[in-house]
Amino acid sequence: MDLGALGVYTCLFMGLYFEVFLLISFFEKRPSKKSDAVPRRFPTVSIIVPCYNEERTIAATVQSLLALEYPKKKLDIVVVDDGSTDGTRTIAERFAKKYPQVRYFYKENGGKYTALNFGIEASHGDIVGCLDADSFVAQDALVESVKYLEQDPSIMALTPVMNVYRPRNLLEHMQAVEYIFGVFFKKMFDNLASISVLPGPFSLYRREVFRRVGIFRRAHNTEDMEIAFRMHAHGLKIANAHTAYVHTTVPKTLRTLLTQRARWSQGYLQNSMDYKYMYGNPRFGHFGTFTLPFGLAAFAAGLYIAGYVLYNVVATLWTRAFTLWATGIPLHFPSLSIEWFFINTSMMLFLTVAIFFMTMTAIILGARIAGVRLHAKSLAIYFMLFGFVAPLWLSRAVWNTARVRESVWR
Amino acid sequence: MKDWSKYILAFIITAAMFLTAFYLTNTINNARLADIRSVQEQIAIDLLSSETQFELLGNLDCSIIAQNPILSEELNSLAERLSFAENNLNPKNSDVERLKKQYALLEIKDYLLMEQISKKCGTKPVSVLYFYSNQGDCADCSRAGDVLTYLRQEYPSLRVYSFDYNLDLGALQTLISLRKVKADLPAFIINNRAPVYGFKNLDEMQTLIPELKDLATSTVETKL
């Protein structure tokens, strides 16, 4: 076996191990179903909506917050405009005038984390939430989240279930399945008490979190990831509210998708360096011994396999083209034999098929948790596209990290 | 479940999946080798039958002989299987090595029988003895093989006998020394003429085998 293939087998082993580990976690503690119970008391909640040039979606975002099934007096909506130059201000001010629950603040542009910190200072709710201005919450999302906080006082922060809002083009369909896959991951990481990111769309914090660990930091433009790392470093519990749904819009073009994902991936690498002492450290539980090392390994494995496949495809095409040129044989399709003898039955193929089925299982379980229907079209697009697109942002993130170049938001 | 036991359980399940994949691959590869063996046995029986038929009839009835000893299709199929096995299994696999030797012997026997029939019955088969090496010392061998494979597809009655020059087989080494084939590979003996060395592209090979013009192509088939 050549070294290249040995590397692929190592990646396949890690991939399988990772999925097996998560599936064991699933069967160990299956997610509960949504209940009709209501919280005994409703804590005051402040939802911060940081925005920058979001005139297309800000109205729908605020509307979805106003439609939340939650006592109006207990809900405070804080729109923090991070220096928008489009019509965001006009729209948000209209809401603030019409609805006393909505407060609007305009500040100089300083980055998302500054808008969030501004909102934390300007708000007073026991629970602080944030909602990106391109996302919309389900009506019962807040009540569902509050139930988790009430049931387990040790939970310090919560993440919801995120779905893609009305996917239309190929990339959106691909991301729709990816997000469903993510639902499974998020719940399993919850079982392992090792959720590694508190995403912008409707993550909630107890206010004391900021007292204990501090406010948001710039954190390589991934403040939602860094604060999760920091909370783990301080032994604070993060959970997943799998019955609280939020819908989010996703990048529609390859360029914006790559920019967004390269930022996330680069943030993961750079935050990993900042928190390297947590890697493999059992003091931080599964987060230190499983989530962080496997996250980095998955990063490397994704790049390695993509490089291996690319090298082999290019080498094969080059050899074929050179052979045709050197031999003078006219271009023709090789005769395809349908005999069983010539079917590829390599060990690598069997293992790839095993990974495929386990991935499918995780996606199906994720769809069940998220309560969404899986479409064959989206699945086909995901399996055809993801392997080509993901290595692009991974390699861009590595390149930018190596050059010590800051990621960009858009 | 204790934390450490989950890590170990996941490792055991993953290792079991790897072992299952290994077992499946191994079982299918063994079935492949068994298939090659059975094809070889069939060819050996057919060859023996043809030889016996030839002995019995001598040159009394060439029409009957000419109908039967055409084993090129079976040998081609066997060659394809062996080539696949050689590329996809460990080339140093002792089973593959043994099967290659048997294949080389069958090729030599078929070649000799064809020579005899040709002399006695006046048939004019077109044959190429092709000597290659797959020990990494013959960069052109793979391309030379492609040219011959293409010609064989184009001219189904062209008889190509390919031999691994380095195969440790007495009969093959005798053939090599009788035909004075040097280790300057790839080497070709076309219709018993002197060996030709070096890579030849399609046009050059067609020029070296003028008899191809008289052979039927894959679209129009005529008798030898």
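A Cβ is built for glycine as well, from the same backbone N, Cα and C atoms used for every other residue.
Quick look at what TrEMBL annotates:
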- A:6-27: transmembrane segment (TRANSMEM)
- A:46-213: domain 'Glycosyltransferase 2-like' (DOMAIN)
- A:287-311: transmembrane segment (TRANSMEM)
- A:340-367: transmembrane segment (TRANSMEM)
- A:379-399: transmembrane segment (TRANSMEM)
Tertiary contacts of the transmembrane segment (A:287-311) (same chain, 6+ residues out, Cβ under 8 Å): 4, 7-8, 10-11, 14-15, 18, 21, 189, 192-194, 196, 232, 265, 268-269, 272, 275, 278-281, 387, 390-391, 394-395, 398
Chain residues outside the transmembrane segment (A:340-367) and at least six past its termini with a C-beta under 8 angstroms from it: 5, 8-9, 12, 15-16, 19-20, 22-23, 26, 177, 180-185, 187, 373-374, 379, 383
For the domain 'Glycosyltransferase 2-like' (A:46-213), the mean pLDDT of the predicted model: 95
